[in-house]
Amino acid sequence: MQYLPSPPFYLLISIMTKRSRQTLDQDDSLCCCEYIDRHGGRSHLAACCCDCEDLDDACDRWMKKQPQNPDSLSRVMATFTDRLRVPWISGARQVDISVIPPLILLPVFLHIAALHYLLGILVLTAVPVLVLWYYYFTHRKKGRTLFFLSLALFSLFYMFYLFITEVVPRGGVNHLQLAAVTVGVALTVIFLVITKRGPGYVRPCPTDTHSTVTYHKPPPDIDADLNGAQHHVVTASGEQTGESGTAQQGVQRRNWCAVCKVVRPPRAGHCRICGVCILRLDHHCVWINSCVGQANHRNFLLTLTFFLLTSLYGISLVLRSVCSDQNVMTALFYCPDVYNQFSSALCFTCAWYSCIVTGALLHLLLLQLINVSFNVTEREARLALREKTGRSLLWGLIIDTGVYSRGFRSNWIEFLTMSKASE
């Protein structure tokens, strides 16, 4: 009797899982642990570690010492991210893998930095460098990521948590100061949620689209001229003749978005990351994972303002508690014996981390206020620098295009009173 060699164990798991699948109707309700995978099939969280053909193929090639496919790793990662889910009422919800690193790395880095001042210098220097590197890496690929939004929110809540558990028990913070910090954190989150509702999208206008044409052919034995058959021609709605019509058509061709199939109004732009056209597009902000446009620009500035005020006030309270013998302005640079106790060192390290984040967002807010004062968006400023059509002042902090500016007061009135949708 001749025995055939048995297949590898992981292939048996794959075969058994495939045979055990039942073809269910997609309209059936999902339980809390079920979901529709990226291939359109119905799957379960319990099967997250098996039935991965891409992983099976990669392992098989590795065992046979064959070269791997160029996209095998990307397919395995796509399957892994597709199966990274949490149970939910209407079906398992997918968790973006970019949310996880800040939740783990930020507390670890801050606790390491609190061990010694040299480690603190190393960590507080490396963290901004890594964040900037990841920003330019994702910005070059024009991909969306929740890493920066997760880092911003977790930094806010983690700093507030340490403030409650480490600073308040020291006794240097009264109830009014604690209430002020709490209200500041709450207002920051509220205006962030409002900002995330939408930047204002360019909607298709019926007058800018082409009419639908139906051709009616006469019977073959009757002359078309005698029959009076109508031959419709495809024309754009709102077509004008003359020099004004030609100029308007030229503007429409220049403002036509081939991706969204819409004619963009003045100052609107297409975001390649979000894939949509935004009214009065300013920029795509990675910290909120959304565009800043006509509908949410004011709320975006309010979010930055409340965050900066809360952060500066919280930093001052932490330094007064940890370095009570020093002035607030000098305690950040000279606080003797702060590393003798781990709790004090951790609060001091978090104060430095908050100062770095506050400095970066303060620079962003300053640029936003300058742009509003000159009635120019960040997108228009970049285009003016690229095409050399604007004036650069104060080492690039001020970019004056001279197109929409009507004076400081009129520019701010226009910004504060602009509608959230196109007129």
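Just so it is clear, glycine is given a Cβ too, placed from its N, Cα and C backbone atoms.
Copied over from TrEMBL:
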DOMAIN    253-381  domain 'Palmitoyltransferase DHHC'
TRANSMEM  108-134  transmembrane segment
TRANSMEM  146-164  transmembrane segment
TRANSMEM  176-194  transmembrane segment
TRANSMEM  300-322  transmembrane segment
TRANSMEM  342-367  transmembrane segment
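Ranked by the number of CB pairs under 8 Å to the transmembrane segment (300-322), the listed stretches 108-134, 146-164, 176-194, 342-367 are led by 342-367. In terms of C-beta pairs under 8 Å, the stretch of 146-164, 176-194, 342-367 lying closest in packing to the transmembrane segment (108-134) is 342-367.
Within the chain carrying the transmembrane segment (146-164), a Cβ under 8 angstroms from the stretch's Cβ atoms is held by residues 96, 98-103, 106-107, 131, 134-135, 138, 181-182, 185, 188-189, 192, 286-289, 307, 311, 314, 317-318, 346-347, 350, 353-354, 357, all 6 or more beyond its ends. DSSP assignment over the domain 'Palmitoyltransferase DHHC' (253-381) gives 72 helix, 16 strand, 41 coil.
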